[in-house]
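Engineer: According to Swiss-Prot, the protein has these features:
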{"type": "ACT_SITE", "residues": "Glu106", "note": "active site"}
{"type": "BINDING", "residues": "Asp10, Asp105", "note": "Mg(2+) binding site"}
{"type": "DOMAIN", "residues": "6-187", "note": "domain 'UmuC'"}
{"type": "SITE", "residues": "Phe15", "note": "site 'Substrate discrimination'"}
Amino acid sequence: MTERRIIHIDMDYFFAQVEMRDNPKLKGKPVIVGGKASSRGVVSTASYEARKYGVHSAMPMSQAHKLCPNGYFVTSNFGAYRETSAQIMSIFRSYTDKVEPMSLDEAYLDITELVRPDLPASKIAQYIRKDILEQTHLTASAGVSYNKFLAKLASGMNKPDGLTVIDYQNVHDILMTLDIGDFPGVGKASKKVMHDNGIFNGRDLYEKTEFELIRLFGKRGRGLYNKARGIDHSEVKSSRVRKSVGTERTFATDVNDDEEILRKVWELSGKTAERLNKLQKSAKTVTVKIKTYQFETLSKQMSLRDSVSSEEDIYNIAYLLYNDLKDPDVPIRLIGVTVGNLEQSTNKNMTIYDFI
């Protein structure tokens, strides 16, 4: 049986990172997302600069203001977070259909079928993080292991912008020395019960019998017994069927030079073709999306008589669509190429004259 390979990706201080990306003046500042300092709400996310003051998620905004009076308090912009999350999830699904989102900024990926001797899971995780950085200008931390529990644990070990692998060689040492509060799923209430019963780290948990843990925690006790041993048989659950494949890029500065933009369209067409080839699919629709310097999103789609899968075919159509969309007086900050209506590949090469 092939050993499973699971990646857990967790974006670093996601909401705050998006705010700092979209407003560069906030970069490096103690950013606190959730609302005004005087509001009755709670903190959604705090940047690492704000966390140095003791600010953390779910803290009342009033308390955050007392701890960090010079912080930059920002109202949540869920539209921007959802849009960025959709980009990130699209990146995940360009690698595998086995994706289980846990929230806007977190997901499990089962990449077992992608791993080869020359392409270990850690390398795939590096590629995914690189794609996220290039396409969204945000950093992510990744954990790689042979089950979901250990992958999630690993993703939190070297934040921010970290990559950690837990394998059979190091799992025991990591779990035995792990503070009990750092076990995924152990909250404040559980931690207190643990401490009251002499459980302060993984070794203490490991030394408890399954019966003792069930007595203390009910059905959860069996799961805790297994976690202390690095055991987790749960599957990555994905009910989504892939309907499209695409790639986007945000330019470092706003651009209105056709030559530069079309070079990027060629690059995106190539990446999209690679992913179609990996899936052994071809597409009957091509879409080009642009986002202007004013953050207005425009898109244009073409439906095709015959499906396409090559870099050249996708570029030829994307070229036509871009020319329909462009306004030479309006710089753009993002461009994307997406193909949809997927079917099994026929590998028929076409020319631009088939589409006009």
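Heads up, the Cβ atoms here are built off N, Cα and C, so glycines get one too.
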Engineer: Cα-Cα, whole number of Å: the residue listed as 'active site' versus Asp10 (Mg(2+) binding site)?
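Structural biologist: That separation, Cα to Cα, works out to 5 Å.
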Engineer: Any idea what the Cα distance is from Phe15 (site 'Substrate discrimination') over to Asp105 (Mg(2+) binding site), rounded to a whole Å?
Structural biologist: 9
Engineer: Over all shown protein chains, what is the count of other CB atoms within 10 A of the CB belonging to the residue listed as 'active site'?
Structural biologist: 18
Engineer: Helix, strand or coil: which one is Asp105 (Mg(2+) binding site) in, per DSSP?
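Structural biologist: Going by the DSSP assignment, Asp105 (Mg(2+) binding site) belongs to neither helix nor strand, so it counts as coil.
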Engineer: For the domain 'UmuC' (6-187), provide the mean pLDDT of the predicted model.
Structural biologist: 93
Engineer: May I ask you to report the DSSP-based helix, strand or coil state of Asp10 (Mg(2+) binding site)?
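Structural biologist: For Asp10 (Mg(2+) binding site) - judged by DSSP and reduced to three states - the answer is strand.
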Engineer: Only counting partners 6 or more residues apart, tell me which same-chain residues put their Cβ under 8 Å from the Cβ of Asp105 (Mg(2+) binding site).
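Structural biologist: Correct list: Asp10, Met11, Phe14, Tyr81, Ser85, Ile88.
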Engineer: Can you tell which of Asp10, Phe15 has the least company, meaning the fewest other C-beta atoms within 10 angstroms of its C-beta, among these recorded positions?
Structural biologist: Asp10
